[in-house]
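Enquirer: TrEMBL lists 12-32, 77-102, 114-132, 171-198, 218-234, 285-310, 316-337, 349-367, 373-391 with the feature transmembrane segment. Per TrEMBL, the feature repeat 'TPR' maps to 530-563.
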Amino acid sequence: MNSQINISNRTCILLLSFVVLGIYYPVIFATLNSVDDPGMYDYLLNTDNFTLHSIFASGSSNYYRPVLVLSYMMDKYVWGLEISFMHLENVVLHLINTLMVYAIACRYSAQQGIRSEIVAFIVALFFAIHPINTEAVAWIAGRTDLLAGFFLFLSVWLLAQKCRNLMVSALAALCMLIACLAKETAIFFLPAAIILPFFNSENADTKPPLRATLINNLPHVLTFLGAGAVYFFFRTGAFSHSDAGVAQVFNHIGGGESVGLLENTRLVLKAAGFYLKKLFFPFPLNFAITHVSDLYIPLGFLVFVVALLLMSRRTIIAFLFACAAAIGSSALMIPLLKQTWTPLAERYMYIPLAFFLMGLVFEIYRFGKQIRYQPLLTGVVASVVFIAIYGTTSRAILWQDNLALYQDTLRKSPDFIVAQNEIANALYARGRNKEADAIVTSLQLPAELNNRQYGFMSKADERIKNGDFIGARAIVNQALTDPGKHEVELLEKVLEIDKFQLMAKKSTALELYPGSVKTLTRLIDLTAAPFYSYRLGIVYMQAGERQKALTAFTTVVRTAPPTAYYRAPAEKLAKELAK
């Protein structure tokens, strides 16, 4: 790693751009991933109108990501929801983030007396090609990590100035706030931002006392604390009831769940050790990491010990590792909360990886700048680059095809039932119905399986295709006994079964009336969507309940956006019923 190699900023930017666009070029031809992407796509397709208030004043499940929703709205009105452009947007965001990492590394390199841009270039290159980032880039739903990463990197770039003032801190805090509005885990950067003033010196003898440092930088600390408070203010206002996500986090931190504090500690240590291994050696890459060996617990313990030792150094390198640890700690909570479809995921390391690489490369440079080590380091860097490019490119190609991706997932996580369900969905999409039916019929859905509701819906779909509507309804009713975050999807599946029953003349509208009213009323309670009020009004009309239908249509006229396609019919029907 010869820091005396002369390379201009323009050359670095061009090389990094060429590498990112070249490696991730196959992603542009990928389809929608069958997990999350179709639901998001259908929502955008059927959203006729939106306001900033509706985006920033409402949360979904335990998520509050208005900046992410804004990016999807841009996809709708700028790209027309063209899937290839949505993938291209992810690739471009990764390129921008790579250049931001390069800019941050350049600033910190200069502060450490490194005159050449080659060290910063190597940091950005490793970030650009690291295989662990493929999931965040190739998955449209993974854009949340890319957006949060951009604003956090911008925040750190501002803070990396040698001389900071209150205006710089305010702008950096604003960037952190926007990052939190793209993905809530960005709030874990707050502790790192607060302690930054204590990590400015490379010379232990020149470090000012902690008390004096705190007093001199109190405006900086208060500014970031204020940004954090604003985020929680927005988040609290977005949920009509209590914020279940935050409450669950504190419940697990305190060991409030039945597993207890000791078991939580074991899970956290195991996850920490596993993610550290992934940062150094990401293979095998897996979209569904469900189980991790207890052998990672000692490595996880080592992570915490090293983190504490680094805190005492108060150097720039230590601060970079502190950033990686702070943001990465959010991923350690996921196995405890059980809110996502897998307890561990490669995309959770997208942002921490950038800071980890900066700290690691700077540390290696310190010990390897002697002439005798440079040929060896050059060879190691070249080998790592080759392996990473091959791994990332292969993975990007795999992401083009849902069937191939989930077959790969099932090979690496053979007990992951959701992967079987997605393989069946991919087979259905290709018209290979018999193979898909066989997989769906054999699905086992134990109560402890996270997101098992997807499997129930697939089983119901298989029964619908075979005309067994009673069996399909029974399966969905079983899933509704424990719907989790999927109650709306399950209730919509109930309405879908009713529709097919009517089309097949297996039931009449009058026979389905009580259940339809109950289902639509529950959907209105859950979503407050006026479209369900419109459908409820139609059901009332079919049953001859004119007054109830009038009430439902009046609600639609009062609450539906002016451009909603069902508003005008609802208004017309309300006028006729009022006569």
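From the backbone N, Cα and C atoms, a Cβ is placed for every residue, glycine too.
The model shown is predicted, which means the values in this text are computed figures rather than measured ones.
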Enquirer: Work out, from DSSP, the number of helix, strand and coil residues along the repeat 'TPR' (530-563).
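Expert: Once the DSSP states are binned, the repeat 'TPR' (530-563) shows 27 helix, 0 strand, 7 coil.
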Enquirer: Please indicate, using numbers and ranges, the residues of the same chain that are 6 or more beyond the transmembrane segment (373-391) and have a C-beta under 8 Å from a C-beta there.
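Expert: Those are 1-2, 19, 23, 122, 125-126, 129-131, 282-283, 285, 364, 367, in sequence order.
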Enquirer: Is the transmembrane segment (316-337) in contact with the transmembrane segment (285-310), using at least 3 Cβ pairs under 8 Å (sequence separation of 6 or more) as the test?
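Expert: Yes, since the transmembrane segment (285-310) and the transmembrane segment (316-337) share at least 3 Cβ pairs closer than 8 Å, they count as touching.
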Enquirer: Residues sitting near the transmembrane segment (349-367): Cβ under 8 Å, six or more positions beyond its termini, same chain?
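Expert: Answer is 1, 3, 97, 101, 104-105, 108-109, 112, 114, 119, 122-123, 126-127, 130, 132-133, 136, 145-146, 148-149, 152-153, 156, 186, 275, 278-279, 316-318, 320-321, 323-325, 327-328, 331, 373, 377.
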Enquirer: Given the transmembrane segment (77-102), which of the listed stretches 12-32, 114-132, 218-234 has the most Cβ pairs that are under 8 Å apart from it?
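Expert: By the under-8 Å Cβ criterion, the transmembrane segment (77-102) pairs most with 12-32.
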